[in-house]
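Remarks on the structure that follows.
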Amino acid sequence: MGGVTSSVAAKLAFFPPSPPSYEVVTEPESGVVRLSRYHHRENVEVLRLPTRRGTEIVALYVRNPMAAFTVLYSHGNAADLGQMYELFLELSIHLRVNLLGYDYSGYGQSSGKPTEQNTYADIETAYKCLIENYGAKEEEIILYGQSVGSGPTVDLAARLPHLRAIMLHSPILSGLRVMYPVKRTYWFDIYKGTSDEVVDFSHGKKLWELCNEKYEPLWLKGGKHCDLELFPEYLKHVKKFISTVEKSPSQRSTWRKSAEQFEPPRQSTDCFEPSRKSIDRREKSRQSTEKSRSKDQRTTNVENLEKIKISFDQMEKSRRSLDCFEKSRKNIDQLDRGRKIPGLLVFSHHSGFGFSSMNRFWNGPNQRRPHQPTSADKPVRVAFGFLFLPSKTRSHQETALPPLPPHQSSIRAKNWKRNIDRFDAPRPLDLSSEEIGTAAIKRAIRALRKRHLLEEGAHAPAINALSRPLVAQGLEWKEKAENLELELQQCYKAHTRLSEQLVVEIAECRKSKALVQEKEESINNLQNDISLAREENLQIKQDLDEKTKALDLLMSENQSLKAQLEEIRLKLKKTETENKDLIDRWMLEKMNSAEKLNEVNAMYEDMMQQLKVSSIEQLARQQVDGIVRQREAGYVDHAESTVPSSCKHTIHAHEGGCGSILFQHNSDKLISGGQDRTVKIWDTKSGTLSSTLHGCLGSLLDLAITHDNRFIIAASSSNNLYVWETSSGRVRHTLTGHTDKVCAVDASKVSSRNLLSAAYDHTMKVWDLVKGYCTNTIIFQSNCNSLSYTMDGLTFCSGHVDGNLRIWDSRMGKVVGEVAAHSQAVTSIYVSQSGNLLLTSGRDNLHNLFDLRTLEICGTFRANGNRVASNWSRSCISPDEKCVTAGSSDGSIYIWSRLNNNMLSILEGHSSPVLSCAYGGPGNTLASADKNGNLCIWC
């Protein structure tokens, strides 16, 4: 990318996903910008950033409250933010970093076309956003380049001197050419799959070899170009790299200064002459443990430095003295060993520091000063405190050192080591390094002993110099303890932030879990609906097959009936001829009979006149006896009823609605029950309240009264039946046994002892009103909405939700007859006073009249405006059995003629749906009740 030649760049192809995997959506209420595929998160921001080339790119910023660094992520070729969204969230959480990802021009919802120059402008815009909008510092930014993104990543890094680190993911070799002229050093971490079929594995390996300051690379065996993040080693390696970068802030500043001061090779400006290179033979035989551990990680750029590097074990042995201070010098070497790796990382790249610069580096950052080059500087290499000159500049005379001045007797330990070399006499170059070192040490020991003999206490400066590293080591330990304490405080703060984040994540997890449960419930409901639909479909197919078979049967029957019709027509003609003959004969006989009848009538009139006077007393006595017998049997002679036309009284009877009404037998008293849990008795002549019955614990759904008007029974939504004495108004029984609301009740027409009830627990119960307990329980499948005893008291009828009418034997509890009365639920059953007719009403807005003797329909009543209001809407038949009356949901009352099914009248007086109608009283008064609790008395 950045350093790719124009010919190679011209061949570079971009493959943005088409169509893009996301859209940028702005919430209308909150104004929050998010990706269409994902819900909004508090720590995620979606940005639109204009670039210097006139395009606009889409960026995604993920915030982590515990972040120490910010990663600028340049994704691969055939990807966009919609595909990288989940990976960005995972990296931000596990690495504890802020992360900014972006789409190149022409990718996703970014405008423009994907070109090489646009990618450079895109990453510059993303970098400026981090600096200006989020306050990120250059030292806290880590660049991450994946595949084609490694080009703009390295190009940007070439222009940032204080960048923290770079990570390359499946990089392209040609993209790193931009690094060649760069005079800076960064942490480099490279990940590559050994089975990459897009960019060969050799690209990553070569890039790692070209890096000046390396970190252990990650070669994933079997990894391909686009699946490295699926390997568990990937995340572990990245976390380790981030931790390593985070733990070495002081070393990074040293390396930055070294990178900024990179100049052509120069010599040291130290006051001493350049020291000679050690040729100790033990140098090659004793390998450093550190060198052996990282041997496979060294690159060609530092091979020259490895050739001159001396291990600490070798240095320790070459410096070892025979005097009593041997252990102190060993501690100095061990102290230097902890600073070995940073020194190599810095100096292996620049190769231009003198001996004094090394002293300042090893003594710590407080004593280190920038090296000022001079015109006399020469290229040198430094390793572990020894200065190496090129072979052409080293000579025996140049390595000779001047004698030590007296005022420098308290020189530091490392300078004291140099003083040993001052006592070395010139020696031929053909000696081995081991022999030269041994001779120099011996001369130094002899000089020290001689000085000890000449001057008492002369070795005190050496002792002080050797003991100073221990003090320095103690200070260093103290400094480390303070740093550890600061780190512990930071850990506590991080733990607090992590706890807060954990609470937020737990809340989001619970919301997500609740959402998943809701979706699962929706899926289950949909699956259930599908199963029901399939069952219904199967049932419809079965019904269709049955109807098809029935139609075929009817067609065959129709053919046979047509044949029979032809035969009947022939017989009819023959019968008509015979009938004509018979009529003629009958007319003749009629005339003869008329003459005879006239004669008989005349004789009858004469006889009646004779008997009239003698039988008048006997006829009067017979009439009186008949009236008495009728009164004793409870018979009431109903005159022909008239059709009501006007409302006589309007009474607000109950709060919340009135569900059921009925008249007392042979009385003008009207009984009503409502939602206010009371039963009221009204005088229909005056429209006043006679009495109120209390004690019910639920809404009243149906009422009944015994044939002798002794007891009033109410069915309640509290699952109970309540029995009041009409005379006293007190509760006689509370009948319990149903487990759901009781919706229907009726008393026997011949006995005041038997009572029948039905509830929504799929049971009907027969009760003994004298004893107050259940005598029989009948279980059925479809719920019962209404029931009624027949006039003989031995059977009863019930209307069910499935639309069927059933006739039961009250003694055996078995169905003795069943007929499909309605296509929907039956809401009302009413038995006429003669006991021969039965009226049913259904939710299909039909009112059917049955002959109880044959269970055949003898009339059907309907009207366009008539709508059944509820499952417990009650209709009725007039006492003379000439009128059928039913209420409607629009507040009207419809009256039909039973004889011709014609509409006789529509009464309007209610403002809400009419729930119940009843005839009663000597004048056949009509009463109605509505859903608002109002009663209307009609005349």
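Cβ atoms are placed via backbone N, Cα and C, with glycine included.
Note that the coordinates shown come from a computational prediction; the quantities given were computed from them, not determined experimentally.
Look at TrEMBL and you will find 481-614 tagged as coiled coil. Averaged across the coiled coil (481-614), pLDDT in this predicted model comes to 87.
The feature compositional bias 'Basic and acidic residues' is assigned by TrEMBL to 273-302.
Summarising the annotation, TrEMBL assigns domain 'Serine aminopeptidase S33' to 70-175.
Counted with DSSP, the domain 'Autophagy-related protein 16' (478-598) comes out as 121 helix, 0 strand, 0 coil. Taken from TrEMBL, the feature domain 'Autophagy-related protein 16' applies to 478-598.
Residues or ranges marked as region 'Disordered' by TrEMBL: 252-302.
Residues or ranges marked as repeat 'WD' by TrEMBL: 651-692 (among others).
Under the heading repeat 'WD', TrEMBL lists 693-734 (among others). Summarised by DSSP class, the composition of the repeat 'WD' (693-734) is 0 helix, 23 strand, 19 coil.
The feature repeat 'WD' is assigned by TrEMBL to 735-777 (among others). Counting only same-chain residues 6+ beyond the ends of the repeat 'WD' (735-777), those with a CB under 8 A from a CB of the stretch are 698, 701-708, 710-711, 713-723, 783-793, 796, 798, 808, 810, 813, 871-872.
Positions annotated as repeat 'WD' by TrEMBL: 786-818 (among others).
Under 8 Å from some Cβ of the repeat 'WD' (819-854) lie the Cβ atoms of residues 638, 785-792, 797-805, 807, 860-862, 866-868, 870-877, 879, 881, 884, 886, 896, 898, all in the same chain and six or more residues away from its ends. Annotation comment: TrEMBL describes 819-854 (among others) as repeat 'WD'.
What TrEMBL lists as repeat 'WD' is 907-939 (among others). Under DSSP, the residues of the repeat 'WD' (907-939) split into helix, strand and coil as follows: 0 helix, 20 strand, 13 coil.
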Per-state residue totals over the repeat 'WD' (651-692) - DSSP helix, strand, coil: 0 helix, 24 strand, 18 coil
Composition by DSSP (helix, strand, coil) of residues within the repeat 'WD' (819-854): 0 helix, 19 strand, 17 coil
Secondary structure tally of the repeat 'WD' (786-818) (DSSP, helix then strand then coil): 0 helix, 21 strand, 12 coil
